[in-house]
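What follows is a single structure, written as structure tokens, with notes after it.
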């Protein structure tokens with residue numbers, strides 16, 4: 001039984017696990033069918049089909065070509081039912097591989113036919129495999145025989161490896177023997193046409209560690225076939241699989257003998273001069289006389305092996321169908337869960353996009369309102385500054401006019417008081433007298449009075465301007481405070497609205513996430529229940545089959561009890577008779593020994609004494 005787990009086919013197995021018969025026509029159009037398959041009816045071409053082997057792929061039959069009378073082996077592989085796409089791909093891959101391989105130590109490909117959703121792969125006929133030799137002889141092979149088989153196998157592997165191919169399923173059951181004793185590598189269904197590879201393919205006990213770890217740790221190359229061939233050597237030499245306990249050497253001199261024989265002339269001989277195996281030299285005459293199924297044809301496969309393979313195939317087919325249904329259910333569950341998760345993710349993305357759009361709209365509206373208010377406040381400040389400047393200019397003008405009026409009036413008053421006449425002393429003579437004769441103010445006093453008035457007026461103007469500026473400054477401050485309060489009020493309103501909106505959005509997202517998680521958990525729980533029910537059903541079926549087998553075995557043993565009792569009675573009787581014969585022979589020998597010691601006259605007395613001795 002081989003395991004197949006290929007990375008490249010994971011997606012195909014998920015999407016094409018079941019392909020109906022109506023859609024299979026499109027499947028066969030995807031490849032070069034005329035180049036791979038013969039369109040003739042194989043049932044009319046081959047006759048006398050007799051089953052000689054069974055496996056996970058199907059059955060192998062002995063057949064005879066109706067026209068040429070050539071004996072061939074027909075491997076029937078069905079691609080009907082579940083996983084049709086994968087089965088069809090495996091069949092096409094094996095046929096293409098066999099068409100490319102042409103070597104004396106590789107099975108010869110004849111042709112391939114399609115008949116009722118079954119591929120008939122026709123190959124050269126072989127008597128059996130090396131594992132059949134072990135079953136037929138019930139003992140391990142000799143070292144020379146194993147060496148001869150391995151030599152031919154290595155030639156075939158060297159040819160495959162030179163083409164960059166990897167067999168990946170080397171074992172005793174896949175190393176066949178022809179009637180002439182030629183070794184053939186067979187079963188290329190697991191082979192890889194690319195090296196290195198990274199697929200988990202092969203039979204468990206023959207599988208190299210690199211293949212087992214390939215899915216996690218990387219790729220492997222053609223060396224894995226050498227490992228499998230080494231396990232096959234242990235299988236042929238030990239008559240058992242190398243599973244748990246490592247094999248031990250029979251003698252301590254084996255390593256020394258191996259080292260000493262490494263330089264013998266036989267190691268430098270060409271393959272044609274190597275000593276041949278006794279088993280391989282038997283030929284068809286001895287192979288044909290061993291055992292075989294119904295029909296007169298040569299084979300080394302025991303009938304019990306074929307019957308056991310058929311029974312195991314039926315059981316494996318049932319378990320394989322159960323496993324196939326289980327895998328199909330798991331894939332359907334994974335796909336259903338993936339679809340639900342994708343749907344929930346789309347709903348979440350749609351909700352987030354809608355909420356983000358609402359949030360962007362709200363933030364744009366808030367920014368526009370704040371910007372509009374700031375522009376309005378800026379215009380208000382500019383208006384206030386222009387008004388303040390205008391008021392200050394007006395006040396300055398008013399104060400200047402009042403100043404001029406006061407100055408004119410003051411001059412008029414001075415003129416009226418001073419009564420200055422044209423004969424008034426000049427400026428240079430003004431200091432000689434303090435007043436004129438009419439008692440008026442001097443010119444100097446008038447100038448001083450005017451200067452004093454101008455200073456007072458200037459102080460009053462500055463005071464009025466300072467008072468006005470102070471008032472304008474307070475007005476601007478009050479205006480700024482009012483505008484700032486208005487801006488803060490608006491921002492507070494916006495912040496409250498934004499917080500409320502964000503909390504609402506968070507609540508919507510939270511509800512949707514909880515709803516999606518509940519849907520996913522509910523689906524997972526339902527899938528787990530269905531999975532457990534199927535596993536329990538499969539386990540019960542297996543237990544019933546095992547119980548049925550045990551009952552049949554017990555019934556068979558009970559039927560064999562009388563025969564066993566008769567056999568045991570005959571065995572006891574035969575042992576008793578042998579014991580009597582031994583005692584008689586011992587008595588006669590002792591009697592002769594005693595009589596030889598005495599004379600003829602004393603024989604009677606000696607025999608009497610011998611008869612009275614206790615029996616030991």
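Just so you know, glycine gets a Cβ as well, placed from its N, Cα and C.
Small disclaimer: the values here were computed from a predicted structure and weren't measured.
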(message) Quick test of your reading of TrEMBL: among 252-279, 280-307, 308-335, where does it put region 'Disordered'?
(response) 252-279
(message) If you look at how TrEMBL annotates this chain, which of 213-245, 444-476, 477-509, 510-542 comes out as coiled coil?
(response) 444-476
(request) For the region 'Disordered' (369-396), jot down how many residues DSSP puts in helix, in strand and in coil. (result) 28 helix, 0 strand, 0 coil
(request) For the coiled coil (444-476), find every same-chain residue at least 6 residues outside the stretch whose CB is under 8 Å from a CB in it, and list them. (result) 381, 384-385, 388, 391-392, 395-396, 399-400, 403, 406-407, 410-411, 414, 418, 430-431
(request) Using Cβ-Cβ distances, find the residues under 8 Å from residue 76 (ATP binding site) that belong to the same chain and are at least 6 apart in sequence, listing them in sequence order. (result) 58, 59, 60, 61, 118, 119, 120, 121
